[in-house]
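For reference, TrEMBL has these:
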TRANSMEM  21-40  transmembrane segment
TRANSMEM  60-83  transmembrane segment
TRANSMEM  95-116  transmembrane segment
TRANSMEM  152-172  transmembrane segment
TRANSMEM  177-194  transmembrane segment
TRANSMEM  206-227  transmembrane segment
TRANSMEM  234-254  transmembrane segment
TRANSMEM  280-299  transmembrane segment
TRANSMEM  320-338  transmembrane segment
TRANSMEM  344-363  transmembrane segment
Amino acid sequence: MDANRSKAAAPTAPVKSKRDPRLDVLRGLALIIIFIDHVPENLYSFYTMRMYGFSDAAEAFVLISGISAGLAYSGRFVAGSLMETAKRIWRRAGTIYGAHLFSTLVVLALATPFLVRFGMEEFAELNGLSWLWKQPLGTVAGSALLTYQVSYFNILPLYIVLFAALPALLLLGKRSIGLMLSVSFAVWLVARYFEVRLPAYPADWAWFFNPFCWQLLFAIGLAVGIANRRGKALVAFHPALYAACVAFVVYALWWRLIGEYNFPFPAFMPDFIADTSKEWLSLPRIAHILALAYIVVYMPGLKRLLSLPVFEPINVMGRASLATFVTGSLTAFAFQILREMTGVTVLGDTLLLLAGIAIQYFAARTALARAGKARAAAIPAAITPPPEAAIKRSG
């Protein structure tokens, strides 16, 4: 067995002072891929992750988010400050809710009248915007309730629900990681078997990302983060398992390249095995992203590689993921409209996507700078004694 891999699998004390660049760079890369895929039919969208396996960048983003949540919150939760940590988590969920509501209202208030003015009602219909003039009050109410979701703006509602449920998952994980994963899997299984889903009022469809199913992938990531905080690996390195993961990823690649979208299983097999549904997060999609994650985690030299300065812009985008995603969603939507109006060229797509990635990078950089200033301003206020205490000490 490779010595470096043995060290990676061995239990080690968690390091709080330095972030693992793999998480931030890979999350930033997932956000870039999501941005490219959110400008549909552009040349580069035919070469992203979704074309080479059962899962895509959405699964990667949710899994990494679960890992990050485990690293960020499980230590405090286990230490005993349960309510304080829960409030901190729900405040974060509130921030995400505000970001989602902002981006949705921007699209509804600015883009929809523009589309009607220039005769792009069909484009508005395809993206779910026509509900604004079909049921204006229902659309506004649905936006606030997270039921109404514009196309390509439906990841954050899932994320909000996952964060709202995070304290309960952490409480289960505090007792037993196995218990948490068992409950999560049971919820996924019930949702798939009985087709439990959330309505997309006032539209006549359901949430694109079914939270009852997608919570399983988030919980798996959370389990990885909790185990890491305890100085352990959730699944240690084993050559046979690594080889099996590589074989499965290669198989998924082959199956995609021959143009099929379902496993070659008999018709009597249940859907959660035989299909690759994204809404219901089918088993092949989960297995594929977990196989990729296992390969990446134990890939020798990757951590050192992603620490190189050339990856710093992507690292920045991954660290400020909310700012990156919101900016990317609005930019991608604007680019969709622009492409509809001006036509499509390879050069045009290249310039648009490069400009969009640059815009996201500067938005992320600005968000991190503001967060740093806020923390710096809070530190003196926290350590400066009140006037009464200062007077007593001077006397």
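One-based numbering along the chain as shown.
Using N, Cα and C of the backbone, Cβ positions are placed for all residues, glycine too.
Of the ranges 152-172, 206-227, 234-254, 320-338, 344-363, the one with the most Cβ pairs under 8 Å to the transmembrane segment (280-299) is 234-254. Among the recorded stretches 177-194, 206-227, 320-338, 344-363, the one sharing the largest number of Cβ pairs closer than 8 Å with the transmembrane segment (21-40) is 320-338.
The transmembrane segment (95-116) makes contact with the transmembrane segment (320-338): 3 or more of their CB pairs lie within 8 A, with pairs spaced 6 or more apart in sequence.
Among the recorded stretches 60-83, 152-172, 206-227, 320-338, the one sharing the largest number of Cβ pairs closer than 8 Å with the transmembrane segment (234-254) is 206-227.
As a quick check, the transmembrane segment (152-172) and the transmembrane segment (344-363) miss the bar of 3 or more Cβ pairs under 8 A, pairs 6 or more apart, so the two do not touch.
Sequence-remote contacts of a segment are chain residues at least 6 beyond its ends whose Cβ falls under 8 Å from one of its Cβ atoms, and for the transmembrane segment (60-83) they are 14, 23, 26-27, 30-31, 33-34, 49, 89, 155, 158-159, 162-163, 166-167, 170-171, 173-174, 214, 217-229, 289-290, 292-293, 321. Same-chain neighbours of the transmembrane segment (177-194): 169, 210, 212-213, 215-216, 219-220, 222-223, 226-227, 234, 271-272, 280-282, counting only residues six or more beyond its ends whose CB sits under 8 Å from a CB of the stretch. Here the transmembrane segment (344-363) has Cβ contacts under 8 Å with residues 31-32, 35-36, 39, 41-44, 313, 316-317, 320, 323-324, 326-328, 331-332, 335, 338 of the same chain, all six or more residues outside its ends.
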